[in-house]
Amino acid sequence: MAKEKFERSKPHVNIGTIGHVDHGKTTLTAAITKYFGDFKAYDQIDGAPEEKARGITISTAHVEYETDSRHYAHVDCPGHADYVKNMITGAAQMDGAILVVNAADGPMPQTREHILLGRQVGIPFMVVYMNKVDQVDDEELLELVEMEIRELLSSYDYPGDDIPIIRGSALHAMNGTEPSMGEESIRALMAAVDEYIPTPARAVDQPFLMPIEDVFSISGRGTVVTGRVERGVINVGDSIEIVGIRDTKTTTCTGVEMFRKLLDRGEAGDNIGALLRGIDREGVERGQVLCKPGSVTPHTKFEAEAYILTKEEGGRHTPFFANYRPQFYFRTTDVTGTVTLAEGTEMVMPGDNVGFTVELIAPIAMEDGLRFAIREGGRTVGAGVVSKIIE
């Protein structure tokens with residue numbers, strides 16, 4: 001059987017289901033594939049394989065489906081810990097999420113935690129599926145639960161009043177029964193996702209950024225830095241900045257090479273060498289980034305949301321305390337930093353997810369949403385994401 005060709009004609013969006021345990025995330029995922037993709041049964045999704053991201057093992061199920069206007073890649077995680085790890089490592093980047101809430105229970109602790117995490121790690125949009133409405137006879141109760149969900153979303157800076165909330169039963173949709181709360185609710189949900197979650201800007205349309213992996217000096221030509229273009233486009237003749245670790249420098253790209261061939265441009269996804277005018281071999285190093293002037297600034301102090309590995313995952317065997325000083329691995333390099341814990345937090349145990357403040361000994365080109373690994377002597381002991389830059 002030949003592999004199906006991936007049709008690039010429709011815009012592509014990454015989404016996922018989030019919410020409290022047993023509220024129906026996986027059943028809903030299966031139901032969506034029934035009407036919009038190749039049907040995946042519940043246990044095909046629930047038995048998600050383990051994968052590694054930034055040294056952390058995560059179980060995640062990936063399904064894909066499409067509506068008339070878009071192609072979707074959708075992630076669903078079997079366990080709460082997998083969600084936390086997934087959202088923090090960005091293993092499955094989400095452009096938007098479907099928050100699943102059981103109408104009979106209303107918002108529960110993990111509902112709140114997933115919304116908070118979504119806010120911290122930069123999931124920009126959410127749509128709500130109020131599941132199991134067949135178990136609630138009282139219309140007023142449904143109204144109350146809906147109000148509660150909207151208030152909860154608003155309390156985490158999501159536009160609670162505007163977010164679409166679709167009522168239905170994922171189980172009826174799966175079984176093909178009670179179409180008014182089954183199939184119709186799934187179609188209404190995907191219509192809402194199509195309309196409410198915007199298509200993200202493609203990587204090539206964003207401002208240029210390339211983490212520097214290596215530096216070479218070519219006699220008679222100057223200094224070449226190599227790396228993989230993370231986003232945007234670089235053209236020969238462009239003015240660019242070198243940001244991070246040292247003072248920011250501005251230079252001009254005088255050449256772009258790929259596989260030892262000269263090109264006039266490099267774009268997102270390309271592994272290139274960029275020739276820099278007037279920069280000597282000692283003037284630039286791994287861990288800095290090349291970027292469009294003014295697009296990214298260097299910072300040393302930030303708030304972060306992190307997951308600390310368990311002993312079984314290869315992490316620390318003991319907790320850490322305030323003023324913990326590990327290395328923070330950003331893009332291509334380690335920088336030492338000091339951790340300040342939130343008031344009232346005495347220590348952090350392996351397996352915790354936690355918010356804290358970090359001060360690095362050298363500045364790094366940084367934006368909200370940037371991912372990092374926490375390392376001790378080259379061994380990964382955690383993963384995190386910048387939730388807010390302080391200075």
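For all residues, glycine too, the Cβ spot is worked out from N, Cα and C.
Swiss-Prot lists 19-26, 76-80, 131-134 with the feature GTP binding site. The Mg(2+) binding site feature in Swiss-Prot is assigned to Thr26. Taken from Swiss-Prot, the feature domain 'tr-type G' applies to 10-201. What Swiss-Prot lists as region 'G1' is 19-26, and the listing cites similarity to another entry. What Swiss-Prot lists as region 'G2' is 55-59, and the listing cites similarity to another entry. Sequence annotations record features per position, and here Swiss-Prot assigns region 'G3' to 76-79. Annotation source Swiss-Prot lists region 'G4' at 131-134, citing similarity to another entry.
Everything Swiss-Prot records as a feature, shown here on the structure.
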{"residue": "Gly19", "record": "GTP binding site", "Cβ contacts under 8 Å, 6 or more apart": "Lys25, Leu99, Val100, Val101, Gln110, Thr111, His114"}
{"residue": "Asp22", "record": "GTP binding site", "Cβ contacts under 8 Å, 6 or more apart": "Asn102"}
{"residue": "Thr26", "record": "Mg(2+) binding site", "Cβ contacts under 8 Å, 6 or more apart": "Thr17, Tyr42, Ile45, Asp46, Ala61, Asp76, Pro78"}
{"residue": "Cys77", "record": "GTP binding site", "Cβ contacts under 8 Å, 6 or more apart": "Gly16, Ala48, Ile58, Ser59, Thr60, Ala61, Tyr83, Asn86"}
{"residue": "His80", "record": "GTP binding site", "Cβ contacts under 8 Å, 6 or more apart": "Val21, Gln110, Glu113"}
{"residue": "Val133", "record": "GTP binding site", "Cβ contacts under 8 Å, 6 or more apart": "Ala103, Leu142, Arg167, Gly168, Ser169, Met181"}
> If you draw a 10 Å sphere on the Cβ of Lys25 (GTP binding site), how many other Cβ atoms land inside?
Replying inline: 27
> Residues sitting near the region 'G3' (76-79): Cβ under 8 Å, six or more positions beyond its termini, same chain?
Replying inline: 16-17, 21, 25-26, 29, 45-48, 58-61, 63, 86
> Which residues of the same chain, at least 6 past either end of the region 'G4' (131-134), have a Cβ under 8 Å from a Cβ in it?
Replying inline: 23-24, 27-28, 100-104, 142, 167-172, 178, 181
> Quick one: what's DSSP say for Lys25 (GTP binding site), helix, strand or coil?
Replying inline: helix
>> Can you work out the mean pLDDT of the predicted model over the domain 'tr-type G' (10-201)?
In response: 93
